[in-house]
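Annotated in Swiss-Prot:
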- 8-28: transmembrane segment (TRANSMEM)
- 94-114: transmembrane segment (TRANSMEM)
- 122-142: transmembrane segment (TRANSMEM)
- 176-196: transmembrane segment (TRANSMEM)
- 211-231: transmembrane segment (TRANSMEM)
- 274-294: transmembrane segment (TRANSMEM)
- 312-332: transmembrane segment (TRANSMEM)
- 352-372: transmembrane segment (TRANSMEM)
- 394-414: transmembrane segment (TRANSMEM)
- 424-444: transmembrane segment (TRANSMEM)
- 490-510: transmembrane segment (TRANSMEM)
- 616-636: transmembrane segment (TRANSMEM)
Amino acid sequence: MIAELGNYALALSLAVSLMLAIFPLWGAEKGNAQLMALARPMTYGLFASLSIAFAALFYLFAVNDFSVQYIVNNSNTTLPIYYRLSAVWGSHEGSLLLWIWLLAVWSFAVALLSKHLPQEAVARVLGIMGIISVGFVLFVLFTSNPFTRTFPDFPVDGKELNPMLQDVGLIFHPPLLYMGYVGFSVAFAFAIASLMTGKLDSAWARWSRPWTLAAWVFLTLGIVLGSWWAYYELGWGGWWFWDPVENSSFMPWLAGTALIHSLSVTEKRGSFKAWTVLLAILAFSLCLLGTFLVRSGILVSVHAFASDPTRGLYILAYLVVVIGGSLALYAYKGSQIRSRDNAERYSRESMLLLNNILLMTALCVVFLGTLLPLVHKQLGLGSISIGAPFFDQMFLIIMTPFALLLGIGPLVKWRRDQFSAIRTPVVICVFVMLIAGFALPYFLQDKITVSSVLGSMMTVIIALLALYELQQRATHRESFFVGVRKLSRSHWGMMLAHLGVAMTVWGIAFSQNFSVERDVRMKVGESAQIGRYDFKFTGVTDENGPNYIGGKAQIDISKDGQPEASLFAEKRFYTVSRMSMTEAAIAGGLTRDLYVALGEKLEDNSWALRLYYKPFIRWIWIGGLFMALGGLLCMFDRRYRFNVLLKK
C-alpha cells in the first residue's frame, strides 16, 4: 500500500510539474497575471507530492518491506537502522528520487523567499525549474522507479547495502553534493529567464547571487566530505584520485566559482552580462553531465551506479535537449544582454576577468582529461590513460598565477587604478613569499621540492595580501579596530574563502610531497619506523558487528620513545554480501596524520599492514570548510539576506 502511495505521488508530481512548466511561462509570455500567479501554488504542490514519495521510500526502508525490489537490493534484516534509512539514496533509483525531491526543495525555497521579485520573473524562473523537473520525474517513473514490486516473488530478506557505503559519510555526502548540483538549477533558471526577456541588469545579479552562493556552499561541503570519506574509508591514504566521477563534481565547482566572481562584476559594474549568463548555463550543464557519467554505465568507478543502456540514452537525450536548447537560446538572444562597455586594462574588472580565464582553463583541463579517455574508448580506438601526474602538473601551472591574482585582485579599485598605488606592499609581500617558499619546507620537513616551494609561495602570498587588504579596508576612514567591526559580511566572506584556498594549497603541497608510506609484515610485538615515529603491533582481537565479523588490530605509536597514540585498525567481512572491507585507524593533528590500514593475515602468522605519515593533510579539509564558511557569510550579507528580502 505504501509503495503504491509512493507511485501515485510520483504520478501526481509529474502532472503538477507539467502544469508548472506550461501555465506560468505562458502567462508571462502573454502578460496574464492569473496564470503567472499559479507558479507558487503549483510549486508548493510539487514539493508536497515529491515529499510524500520520498517519505514513503523512507518508511519502506524503515520496515524492511522486501516486496519492493529496491529494498531487496539495498537492505537486509541485519543492517542497522541508520544505514537502512541512508540506503534510501544508496543506489540508483533512490538517489534519483533524492535528486528530484531536492529540486522541489530548491523550487519551494525560491517560491517562498522571492516575494520581493516581480511576478513575471518568479513565473519564468519557477516555470523553467518545472521543465527541469518534468524530465527527471519522467526518468524516475519509467526507467528508475524505486517503488517497483518484486511480484510474483516474495523474498524474505535482502541483499544488503554495499559495505563500502555503510559509513556515516554516506548519510551526509550525497545529500550535500546533490544540494549543490541541483542548486545550480536556480542560477540556470534565472539565466534562461533573463534570455527570454532580453533584460539583464544589476538587480538580476543581486537576485541570482545568493542562490548561486548557496549552491556553491553545498557543493563545496559535499566535495570536502567526499574527499574526507575517501581518505578514511577506502584505506588507500589518498584524498583525491582524479576519478572521473570526482572530476564530474569538481567541474561544476570550478564553473560555479567563476560564476560567483562574474556575478560580482555584473552587480557592481553592469559588465560581463552575457558571460555571466553563459557561466550559469555551463555550471548546471556540467551538473547534468556528471549525472550522465555516473548513471550511463560507461564508467568503472567506486562512485558509479551499475546501470542499463536505456538509462544512459535517456540522460544523454535529456542532456542534449537542455544544453542544446539553452545554448540555442543564448545564441539567439545573447546579443540583447551583452555589455557595451570594456574594462580598463588595470582594474578590478580586469583582475576578475583574468580570474575567470584561469578558472576556465582549469575546467578545460579537467574536462578534457576526464572525457578524452572515455570518448577514445567508446569510438573503438582503444584505451588511453590520463592519470594524476597530468592533472597535478597542469594545476600547478594554473594555480601559481591564480594565487597571485587572488591576493592582488581585492587591492585593485573598480573601473580604473594604477599599480603604483600598491607597488610597495606587493613587492614586500613577494620578497617575503620568496624567502618563505624555500624556508618553510626546509625547516618543517628538512628537504625541498619544486612543488612544495611553489605551494608554500602560493599560501604565503594569498595570506599576506589578504591580511594587508584587511588592514587597508579597515583603516580607510577609521581606526583599525573600529573599521574591522564595520566591514560587511561579504568582505569577511571573501577573505575567509581566499584564506581557505591558501590553507588547502598548503595541505596539498606538504601532504603530496612529504608523505611517507610503508607496506610491512609484522608479527605481534614487532615494530616498524617512519621517521621519528615507532609503530608497535600488539595483536589482533575479534571484533564482530551486527552484519559483519572481523578483527581489530592494536598499534601503539611512540615518538622519540614517548607514547603518542594507540590506533585500532579493523578488517571486516560482511557475511551477506561476502565482501571484505578495511577500516583504517588515524591519529590526526594539525601538523600530521598517522594512518594505519590492516591487511590480510599471512601464512607465518604475521599480518600485512600499511603505515602512513601525512604532514598537514587536514589543512586540505580545513581550507574547504573556510571556503564554505566564506560563501555562507557572503550569502547572508545585508544586500542578500532572505529575511530582509521578505520584508520588502
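Start at 1 and count along the chain as shown; that gives each residue its number.
Glycine is treated like the rest: Cβ placed from N, Cα and C.
Counted over residue pairs 6 or more apart, the CB atoms of the transmembrane segment (94-114) and the transmembrane segment (394-414) come under 8 Å in fewer than three pairs, which marks the two as apart. Counting residues 6+ beyond its ends, the transmembrane segment (211-231) has Cβ neighbours under 8 Å at 110, 167, 169-170, 172-174, 176-184, 186-187, 190, 237-241, 246, 249-250, 252-253, 256-257, 259-260, 263, 280, 617, 620-621, 624-625, 627-628, 631-632, 634-635, 640 in the same chain. Listed as Cβ neighbours of the transmembrane segment (122-142) (distance under 8 Å, sequence separation of 6 or more from its ends, same chain) are residues 10-11, 13-14, 17-25, 27-28, 35-36, 39-40, 42-43, 46, 93, 96-97, 99-100, 103-104, 106-107, 110-111, 114, 185-186, 188-190, 192-193, 196-197, 311, 314-315, 318, 321-322. Two recorded stretches are said to be in contact when at least 3 C-beta pairs lie under 8 angstroms, sequence spacing 6 or more; the transmembrane segment (394-414) and the transmembrane segment (490-510) meet this definition.
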